[in-house]
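Data first, discussion second: the structure below is written as structure tokens.
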Amino acid sequence: MNNLNEVTHIDNVKLSEDGKKVIIIDQTKLPNVTEYLTLGSDKDIYDAIFELKVRGAPAIGICAGYGIYVLAQTIKAETFDEFYREFVKYKDYLNSSRPTAVNLSWALNRMEEVVTANKNKTIGEILKLLGDECRAIHEEDIKMCGAISEYGLSLIKDGDGILTHCNAGPLATSRYGTALGPLFLGKERGLNFRVFADETRPLLQGARLTSYELEKAGIDVTLICDNMASIVMKNGWIQACFVGCDRIAANGDAANKIGTSGVAILAKHYGIPFYVLGPTSTIDLNCKTGEDIEIELRDPEEIRNKFYKEPMALKEVKCYNPAFDVTDHNLISGIVTEKGICYAPFEKSIKALFV
Ligand SMILES: CSC[C@@H](O)[C@@H](O)C(=O)COP(=O)(O)O
């Protein structure tokens, strides 16, 4: 296996062989240590998602699917009603771990539908179907990332400079990734891109994960601080911006890691195309616009002293720490999904994906 293959085919979330545990790579330890964690309890799974040990919208969905399956197997119930009551408790608990990435509730709802559609079956049969469903969620994501990578690759050419924000590579998904997928696929086909990765304050997904994945795969990557995006664009080094997404509203407004909307505004200023790449599982038609998307607020300590030996601000200093922002659809050149690329007017092109 070459390094490229090792990166694109990493097993960041999987089910244990006996199907009773979820195994993840602890992304908080990367890039220094590759440590696998085995999750068996509801608290283990909740904490892994809340603490970003597993992160990235599609990976969270895959982990939630496997997680609820693992927990469903521990339910002691004589009747369907007893089983369903406990199942919903676990589902609601996992669903409350993070609010913004819709893939979490999307995967959990899919799993619940398996239960409700099969009330007449035995609990053993329902468990078997749940096992099939969570594996299908994972398999489908692998296929979706492959298709997104192909469509994304059609938007860029050999030698282009691409700016990305946060991490939307294999660690955040299943294989290849979304925003980084076209770059890995291009590399496989002998194309060379020059990537600028925003470090992505405050949790540094760009520094810790994106530059790690790209460097390991032999792709030309330069890490920059978030406030350097403007200068690299002005220098003429960026031909396109590729970012992932956590929830896309029906009008094309797209929530992604905090700082993404700033990149889009800069790109518009410099006349650089700005693409959002994500699976249709990240589209939430229940959100009419970005206004309907809940933005996760996280612990101020992540700004004050995470990753520093000494705190970087006084303990009493107020901090505002939204984990995501919404990029206005007017700033987006195209939304790349596994079913094709949506262009403005997004309301129409997004709707067409679901007919
Ligand atoms: C393919 S992952 C797309 C997004 O989930 C990603 O860009 C992002 O914002 C992740 O945020 P995180 O807080 O690290 O889970």
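Just so it is clear, glycine is given a Cβ too, placed from its N, Cα and C backbone atoms.
Residues or ranges marked as substrate binding site in TrEMBL: R55, G56, A57, R98, Q205, N256, K257. Within 10 Å of the C-beta atom of G56 (substrate binding site) sit 30 other C-beta atoms, taking all shown protein chains into account.
If you look up TrEMBL, you'll see C166 marked as site 'Transition state stabilizer'. Sequence-distant contacts of C166 (site 'Transition state stabilizer'), defined as residues of its own chain at least six apart whose C-beta falls under 8 angstroms from its C-beta, comprise D198, T200, Q205, G206, T210, V243, G244, N256, K257, G259, T260. The DSSP secondary structure for C166 (site 'Transition state stabilizer') is coil.
Sequence-distant neighbours of D246 (active site, proton donor) (same chain, 6+ apart, CB under 8 A from its CB) are A57, T100, A101, V102, N103, A255, N256, K257, T282, F324. According to DSSP, D246 (active site, proton donor) sits in a coil region rather than a helix or strand. Taken from TrEMBL, the feature active site, proton donor applies to D246.
DSSP assigns N256 (substrate binding site) to a strand in the three-state reduction. Neighbouring residues of the recorded substrate site, listed in sequence order and excluding R55, G56, A57, R98, Q205, N256, K257, comprise L52, I60, A101, C166, N167, A168, A172, G244, D246, A323, F324 (Cβ within 8 Å of the Cβ centroid). For the recorded site, Q205 (substrate binding site), the DSSP three-state label reads helix. Neighbour counts of Cβ atoms within 10 Å were taken for the binding-site residues R55, R98, K257; the minimum is at R98. Residues listed for substrate, R55, G56, A57, R98, Q205, N256, K257, cover a largest CA to CA span of 17 Å. Taking the Cβ of A57 (substrate binding site) as centre and 10 Å as the limit, one finds 28 other Cβ atoms among all the protein chains shown.
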